[in-house]
Every structure is written in structure tokens, then in C-alpha cells.
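Below: one structure in C-alpha cells.
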């Protein structure tokens with residue numbers, strides 16, 4: 001139901017909008033006209049933004065059908081006239097912004113009489129809006145926020161704002177304070193929080209008679225971008241005394257055009273700043289700072305103030321006498337100023353800030369942690385100290401601190417290690433955004449530890465922090481933590497470890513995904529906890545990461561693979577035995593050996609007529625009968641016998657190959673003994689290779705005795721075929 005059309009250079013409201021649209025944003029376009037039919041189908045519309053267009057005309061019934069509208073923004077357009085008919089059907093409207101248009105008044109009749117549920121209203125402009133009349137706000141009874149921009153206001157009719165019975169927050173943009181008191185008289189009993197903006201109070205004069213008898217309810221008063229003089233400041237102080245309900249005063253981005261000379265301005269009749277307990281000053285500009293007095297004339301006014309914030313105002317010193325006058329002060333914030341150890345020594349003098357509990361010196365000029373601690377020993381009630389964003393760089397081995405210290409902020413101080421300098425009484429410690437790579441301090445009372453944005457690789461040892469309940473250790477270089485580590489923190493309620501580079505191992509994922517109670521302890525779980533490795537799950541949430549079976553059960557997988565390999569080898573061995581694989585391997589090796597030699601040996605290398613292959617058990621017949629016959633034949637044959645002609649020391653396989661290669665023929669004396677002889681089988685193997693694979697007739701077979709056909713191995717298929725002839 002959300003339609004976002006902002007900054008699209010539209011010059012009219014788009015057509016085709018239906019009842020399904022609940023939020024329509026057409027701001028920052030060039031729309032000039034809103035017609036009766038443009039939005040008539042948007043009956044369920046709740047939010048309409050038409051800010052920063054060029055709208056100069058809105059027809060009477062343009063918003064008539066928007067009975068569910070709760071938020072309407074028509075600011076910064078060109079509307080010169082406002083009509084009550086626009087709003088007559090917007091019964092549930094809660095927010096209306098009409099700022100920055102061209103109208104001079106809020107219409108001839110009451111615009112808002114039908115808007116009974118209105119909670120936030122913004123009207124006026126910086127130039128042409130000059131008049132507030134009694135009927136302008138008729139019908140409004142309660143507003144959470146009312147903003148009136150009337151820099152050039154010239155007419156304010158008394159009681160124009162009294163119809164609003166209660167206003168939580170009123171923002172007034174007034175250039176001159178002429179009508180300020182008149183407005184204040186009308187709202188002082190119905191307003192909680194007044195904010196005055198962009199006002200020059202040079203001519204402001206407070207009339208005691210106007211408010212003295214009024215029942216006031218204003219609790220907070222804010223001056224934003226307001227200019228004072230010494231005289232007008234005194235008038236404002238008078239206002240604090242007569243508007244007795246004011247508890248909090250704030251000056252934000254204000255300018256004091258004076259030299260602080262209040263001695264002649266009747267301050268002696270004012271003892272305190274009314275009932276003001278909280279004073280806040282931010283970005284105070286004093287053009288004549290180097291002529292400014294020491295403010296001693298207003299020291300006495302500060303006795304009841306309990307909380308003071310002076311931020312980003314170039315404060316380098318709080319005089320000792322002023323510190324001693326701040327007898328009720330419990331909270332002091334001097335952030336983003338120029339305080340150093342030298343000036344702090346004067347500010348925290350003896351009897352200074354006797355009840356001060358919280359001191360904030362963030363982003364000043366402090367450099368020595370040891371000296372800072374010593375200077376604050378005078379503050380007996382101090383429990384909370386913030387000295388973050390100072391350049392301490394290092395921490396000494398020992399320090400002195402006020403005895404009641406419970407909270408210390410040392411974040412962004414560029415320290416690289418922690419020592420026993422820290423007070424043992426601490427309950428809250430913040431050392432975020434430093435260069436720490438370890439935490440090994442024993443702090444028996446520490447309940448909260450903030451150590452984010454450092455270089456820690458693991459969680460601190462729980463035995464050092466026995467009562468720790470909150471640990472924030474995000475944005476470090478921690479890659480894992482375990483259930484045992486978390487369980488060791490017996491009182492831990494919150495752990496923020498997001499933004500680290502987690503190694504999503506099987507153990508870590510099993511722990512992180514299997515603990516339902518972990519979500520109650522881990523802050524920002526699961527979105528801020530993401531895997532950095534393994535690479536295939538990088539960037540995934542730890543909660544969603546999944547690893548394969550092989551990654552999580554590696555030992556089992558290795559065992560299974562080894563078993564499979566063993567079975568494969570066993571199967572291969574059985575198959576080799578059954579299918580004579582060994583023989584084929586031997587033949588392949590013989591073939592490779594033969595390939596390295598000439599296909600036919602040169603005739604000059606042939607030394608024998610025949611190589612005789614026989615079993616040792618048939619040696620009697622071979623050596624005494626056949627060899628004798630052939631070698632004594634005429635002409636005689638020269639035979640190669642392994643007993644006689646093999647080269648001693650040479651590998652037997654090489655002897656066999658060489659003898660066969662150097663013989664014209666190979667004689668096989670076949671018998672049962674021959675078939676059983678392994679070496680005879682090898683000689684037969686190689687000769688079988690030469691006989692049938694080289695297509696020569698080098699083999700001569702002699703059947704010494706009948707041989708069963710089954711005795712000849714199956715692999716000698718061609719030999720078996722010859723034996724059958």
C-alpha cells in the first residue's frame with residue numbers, strides 16, 4: 001500500500017490511484033494543482049505527503065474522500081489562501097503541516113474546528129504570516145506539538161491560544177520579542193515545553209505584572225538560535241523566577257552579544273535561577289570573548305542547579321570559586337571543550353562540586369590518565385566519569401581515583417593495553433574503539449563491560465569478571481566462541497558479539513544453531529552474526545549457514561574412503577588373479593622394454609642358434625641328451641643355456657630378454673614340470689609375445705611328455721591353438 005513518487009519531476013498527481021494505496025509520497029515535485037477527482041478513489045489513504053511542490057490551488061473537495069487520513073503535509077508550497085472545507089471530513093487527522101506557504105492569515109473561518117484528533121500542527125511562514133487571531137485555533141483542545149513560524153508577526157490578538165487547553169510542546173519562530181510576553185501570558189498555564197527559535201532578544205524586557213499572578217505549568221524552556229545582550233539576559237533570568245514551574249533551561253546555538261558585565265543590572269534582587277535544576281548550553285557564541293568578565297556576579301544564582309551541560313562552547317576553565325558555589329550540582333557535562341589537566345586542577349579545587357556524582361569531560365585536551373585521576377581525588381562523591389575521546393595513548397601501571405568510582409568511560413582514547421590503573425570498585429567500564437588486543441584484568445565488581453571495536457581475538461576470561469551481566473564485544477576479530485565459554489559467565493544476561501569475522505566450523509554452527517536460549521542472550525541475533533569462512537558461506541547469517549557432511553564428519557568420511565579403497569584394491573587383486581592381470585602387466589612391461597630396442601637385432605649381435613627354455617627338473621634329458629646331440633652335430637649348433645650363458649649379477653629378466661633377443665630360435669621343452677615353473681612361464685610369455693605379436697617363427701616346441709590341455713594357462717590362447725594341431 002506504499003506509493004513513493006517523491007523527486008520524480010511530476011507536474012500533476014498521477015492518475016490510476018486506487019483504494020489499495022495507504023501511503024502516498026509526492027514531495028519534491030512540480031505539482032501545481034490538486035483537483036476534486038485526483039484522490040477520490042484513495043479512500044484508505046492514511047499518509048499524504050505533498051511537501052515542496054508548487055501547489056497554488058487546492059479545490060474545495062480535494063480531500064473529501066480521505067476519511068482515513070492521519071498524516072497530511074502541504075508545507076513549502078504556494079498556497080496563499082487556506083480553506084476550512086479542505087479539512088471538514090478529516091476527522092481522524094493527527095498530523096498537519098502547513099509551514100512555508102504564502103498565506104498571511106489562517107483563513108476567514110476556523111480551519112481546525114473539525115480536527116478533534118489533531119496532535120501535531122505546524123503553521124505559518126517566515127515572511128508573509130503576520131497575524132494570529134482569536135478564532136485561528138478554535139476547536140483544538142489538546143496538542144502534543146504546535147509549531148508557529150511567525151518571524152514577521154505584527155498582530156497577536158489576546159487569548160488566541162487559550163482555546164487549546166493543553167500543549168505539550170510549543171515551537172515559536174519569532175524574529176522580535178515584542179509580542180512574546182502576550183503569547184506567554186496565554187499559554188503559561190497550559191504549556192509544558194516552550195521552544196523559542198531564531199529570535200533577537202536585544203530589546204526584550206520582562207514585565208513582572210504580566211505573569212506574577214498566573215498559575216504556571218511550563219517545565220522546560222529552550223532558546224535555539226537566539227541572540228542575547230547582557231541586559232536581555234538579566235530579563236530572561238527574571239522570567240525564570242516568575243515562571244516558577246521551569247525546571248529545565250536550554251540554550252542551543254545561541255549568541256551572547258555582551259561582555260558579561262551584570263554588576264549594574266539589578267541582579268542583587270535575584271537570589272536563584274528560579275526553580276531551574278537543569279541548565280544546558282550548546283554551541284554558545286561570544287563575539288567579544290576576550291573582553292568578557294569572569295561571571296563572578298552571577299555565581300550566587302547557581303546554588304540550586306543540579307545538572308549542568310556546557311557542550312562545544314570553547315570552555316577551558318571553570319573557576320574554583322564558581323565550582324564551590326555549585327553546591328547542589330550532581331551532574332556536570334563539559335564535552336567538546338578545551339579543558340586540560342592544568343585548568344582541571346583549578347576547577348576541581350578543594351570543596352568544589354561537593355555532591356557531584358557524574359562528570360563528563362569527553363573530547364577535551366586531557367593527555368595524562370594518572371594526573372587526571374589525581375586531580376579528581378577532591379570529588380568525594382564522584383561515581384561516574386566519562387573521559388572518552390581524549391588522547392591518553394597509554395595507561396600507567398598504577399593510578400589514584402575517587403573512592404566511590406563505579407563507572408568509567410575510556411572509549412576512543414587510543415590506549416593499546418589495560419593495567420591495574422583501573423579502580424577495582426568499577427561496576428561499568430567502557431573501553432570501546434581503542435587498540436586493545438587482550439583483556440586480562442581482575443575486576444571483581446564489574447557488571448557491564450563495553451569493549452567493542454578493538455582487536456580482541458577471544459572472549460575475556462570469566463574468572464576475572466565473576467559478576468559480569470552485560471558484555472558488548474562487537475566489531476573485534478573474534479572468530480568463534482563456545483558454549484563452555486558462555487556458561488562460564490554465570491550471571492551473563494546480554495552478550496553483543498556481532499560484527500566479528502566468525503569461522504563457521506561445524507562445532508560453532510552446532511552450538512549457535514542448537515541453542516534456543518542463545519537468542520535471549522545475544523544482542524542483534526541473528527542479523528549481526530555472519531560467517532567469514534569457509535568461503536562458500538561467507539556473508540551468510542550464522543543461523544542460516546549449512547556445511548556439507550564431508551566438512552562436519554571428516555574422520556568418518558576418511559574412514560569410509562579408506563575402506564572403499566581397500567575393497568577396491570581387494571577386488572582389483574581378485575580380478576587380476578582371475579583374469580591374469582599380472583600377466584598382462586608383465587607383457588606390457590616386456591613390450592615397453594622391447595620398444596626401447598631395435599625391432600630386429602642386427603645379425604652381428606645374434607650369438608646363438610637357439611635359446612633353450614626348460615624346467616630344472618627336466619635338465620637331465622635336456623643337458624645330457626638334446627644339448628649333446630645338437631652341439632655335436634655336423635655342423636654344430638650353438639645353444640644358450642641359462643646355467644651356462646646368463647651374465648652373473650645381471651637382473652634375471654634382462655638375462656632372459658637378452659638371451660631370446662640374441663638367439664635365432666627359442667626351443668621350449670614342454671612338460672608338466674615346465675608348466676609349473678614360474679621362470680619357464682615368463683620365458684614362454686615373452687616368446688609368445690615375439691612369436692605372435694611380431695609375426696615371426698622363432699619358437700620351436702618340443703613335447704617331452706603328454707600335457708593335459710588344461711595345464712596350459714588360458715592366456716596362451718594362440719599356443720593352445722597350436723597345441724591342438
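Keep in mind that glycine also has a Cβ here, set from the backbone N, Cα and C atoms.
The feature disulfide bond is assigned by TrEMBL to 320-349, 399-421. Sequence annotations record features per position, and here TrEMBL assigns transmembrane segment to 555-576. TrEMBL lists 606-725 with the feature domain 'TIR'.
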What's the number of neighbouring CB atoms sitting within 10 A of the CB on residue 320 (disulfide bond)?
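Looking across every protein chain shown, the total is 16.
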For residue 421 (disulfide bond), list the number of other Cβ atoms lying within 10 Å of its Cβ atom.
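For residue 421 (disulfide bond), the count of other Cβ atoms within 10 Å is 18.
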Quick one: pull the CA-CA distance for residue 320 (disulfide bond) versus residue 399 (disulfide bond), whole Å only.
24
Within 10 Å of the Cβ of residue 399 (disulfide bond), how many other Cβ atoms can you find? Include all protein chains, please.
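Excluding its own Cβ, the number within 10 Å is 18.
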Near the Cβ of residue 349 (disulfide bond), how many other Cβ atoms are there if near means within 10 Å?
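Cβ-Cβ neighbours of residue 349 (disulfide bond) within 10 Å number 17.
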Taking the Cα atoms as reference points, how far is residue 421 (disulfide bond) from residue 349 (disulfide bond) in Å?
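It is 23 Å, counting Cα to Cα.
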